[in-house]
Amino acid sequence: MLSDDDCAEDLDEGSKRMYAPYAGSTMVYAGSTMVGGGGGMTARTVREREELAFRILASLPRSSLAVLQHRIEPLLKFDIVGLLPTEVALHVFSYLPYQSLLTCAIVCRRWRVLADDQSLWKGLCLERKWEWRSPPEAHRDESGSFPGEAGAHSDSDLDDEGMGDEEDEDLMHVDDSGFASMDMDEDTVRLPIPSSSATPATHLSLTIPLHTLATSTAGPSTSAGKPRSPSTRHSAPSVLQTPTERRKAGLPCLAPRNAKPNYKLLHQTHVRLRNRFITAQYTLSNLQTRGAPNGHTNTIYCLQLYTYPATGVQVLFTGSKDRTIREWDLQTGAVLRVLEGAHESSVLSICVCRGLLASASSDRRVVVWDLARSQPIRVIRDHEDSVLCVRFDDKRLVSCSKDRTVRTYLFPNLGRQHVLSAHRAAVNAVSISHKHIISVSGDRSLRLWDADTGACLRTIENHHRRGIASIDYKHPFVLSGSSDKHIRLLDISTLQGWSTNPAATDKPSVTAGGLGRTVSVVCEACGNSTAAGEPVQPPRRRAHEDLVRSVALNSDLVVSGSYDFTVKVWDRTTGALVADLAGGHTGRIFCIGFDCTKIVSCGEDQRICIWDFSHGIDTSFLKL
């Protein structure tokens with residue numbers, strides 16, 4: 001046992017050995033080890049040096065030991081990821097969700113460089129199909145190339161004019177279509193355009209074959225509109241276009257044309273916009289109000305947002321009871337053109353895809369328009385009653401009618417393909433994919449069809465308690481709205497989903513844990529999640545109070561528009577209500593559409609409302 005004096009002498013001797021220079025030697029301190037040129041510390045074993053260090057530490061006061069502990073602690077940590085080759089470290093990080101990447105970025109400089117790598121964020125954006133929009137080389141107003149994109153366009157949802165909730169009290173409720181018929185005008189003259197009903201299917205051909213339509217510049221508008229006052233819109237990308245305007249508003253300038261894509265910025269902007277949707281942070285403006293110059297003169301039944309692929313410019317198309325279709329400039333609020341003269345009654349549904357527009361009307365017609373020339377190139381008169389909905393992709397056009405049928409036509413010559421006639425009441429809406437057609441009817445049923453053979457693959461009876469008025473389909477999810485005031489989401493492959501009707505007793509109504517959850521808002525800096533408001537109440541108290549006329553969905557959200565004058569936003573996974581948008585309309589809402597920045601709605605009050613969630617955010621690089 002060493003005495004205190006012995007320890008002190010030993011420590012003094014050790015100190016002399018540590019710090020006294022040796023002749024012909026150099027002392028190098030590297031971390032916690034010492035290397036001598038000819039003896040001293042190198043002559044001691046590791047065990048001896050440990051013992052010496054311990055004795056030195058034992059002589060220090062507690063406060064000094066605490067300081068040394070804090071200084072030594074980093075030396076004991078080993079960053080495995082940081083020492084890996086960059087390619088290997090990035091591969092490890094590629095398995096992390098974006099929230100974890102944001103957290104990793106605040107660990108240390110090395111991890112921040114890895115977590116900010118564009119390849120990681122590009123992969124995350126590709127998973128969500130979020131694309132960087134490169135500014136076009138030259139601004140053009142029109143694109144006429146024929147579709148390469150498939151699928152139903154959910155931005156406008158299909159319905160009959162003056163749709164009401166009157167129903168037949170018959171036991172089968174076959175007339176519960178959710179639509180109220182209206183008289184067609186009899187004093188109009190039919191256009192001398194060939195119809196498909198007057199020409200054999202084998203001889204049908206378009207004035208301009210679809211595969212030959214080329215991108216072209218739009219001609220002058222049929223009707224010019226006056227720009228809206230800048231104060232009516234507060235969305236940065238819509239109004240503040242010049243660098244000076246953006247700087248005055250405290251906003252970043254638009255990216256230069258040769259700027260490389262910043263995929264982390266792209267991803268974080270989408271996350272920020274989603275947070276605004278689920279916290280209802282928006283500005284409301286009207287693209288049109290009743291009596292506006294150059295606007296519609298009657299009820300607006302349908303709309304669709306559309307982005308020209310050649311220019312990246314987004315516009316809005318609307319169809320009305322005034323028998324016209326209008327194209328709107330979303331930046332200025334001006335009417336770019338009016339498509340008219342082809343319909344004799346209300347335009348109930350439209351579908352737009354790369355240079356072509358299809359419109360359906362209560363005059364029993366489906367008209368296909370060439371946007372490059374602003375002219376109709378085919379009129380189809382096969383239905384025996386009002387055509388309530390029309391959809392098309394790159395392969396076929398599908399229409400449905402009050403005559404209880406669904407009809408399909410094949411491009412490029414629009415030859416007749418199938419007549420699907422299994423429904424027992426008006427077919428109010430259809431939606432399509434490459435392989436399937438979904439139809440819903442006033443008979444309360446939902447039917448899945450094979451698009452190629454016309455075979456009915458599945459029938460779901462009593463999908464709602466009353467007639468089904470609207471539908472959107474993003475495989476495998478089918479979203480429907482009904483005159484029973486509820487919406488329902490169904491995975492067509494598993495028959496699982498949720499409904500805003502808590503009284504639904506059949507199995508597909510609600511998935512486990514689907515209701516009563518909170519909705520999380522993700523921090524853009526660190527990736528942490530916080531609850532957005534109080535837990536969502538059961539949807540019985542939050543559902544619409546009248547017929548749900550229009551529905552749309554994307555990978556995160558569901559949007560619905562109703563006769564109760566409101567637009568509601570729901571979490572697609574859980575069915576939780578995240579936003580209740582009221583005050584925009586003073587009448588029934590007939591159609592809604594949305595993208596990652598806004599919701600657009602129209603109705604019988606002749607208003608076109610824009611619920612803008614991108615105000616103050618630069619979205620010029622988002623591909624809409």
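Glycine too: its Cβ is placed from the backbone N, Cα and C atoms.
Sequence annotations record features per position, and here TrEMBL assigns compositional bias 'Acidic residues' to 157-169.
Annotation source TrEMBL lists compositional bias 'Polar residues' at 214-243.
Sequence annotations record features per position, and here TrEMBL assigns domain 'F-box' to 78-124.
Look at TrEMBL and you will find 136-169 (among others) tagged as region 'Disordered'.
Feature annotation from TrEMBL assigns region 'Disordered' to 214-254 (among others).
With DSSP states grouped into helix (H, G, I), strand (E, B) and coil, the repeat 'WD' (293-338) comes out at 0 helix, 24 strand, 22 coil. Per TrEMBL, repeat 'WD' is recorded for 293-338 (among others).
Per TrEMBL, repeat 'WD' is recorded for 340-379 (among others). Averaged over the repeat 'WD' (340-379), the predicted model reaches a pLDDT of 96.
According to TrEMBL, the feature repeat 'WD' maps to 420-459 (among others).
Annotation comment: TrEMBL describes 541-580 (among others) as repeat 'WD'.
Across the range of the domain 'F-box' (78-124), the DSSP-based residue counts are 33 helix, 0 strand, 14 coil. Assigned with DSSP, the residues of the repeat 'WD' (541-580) fall into helix, strand and coil as follows: 1 helix, 21 strand, 18 coil. Mapped onto DSSP helix, strand and coil, the repeat 'WD' (340-379) counts 0 helix, 23 strand, 17 coil.
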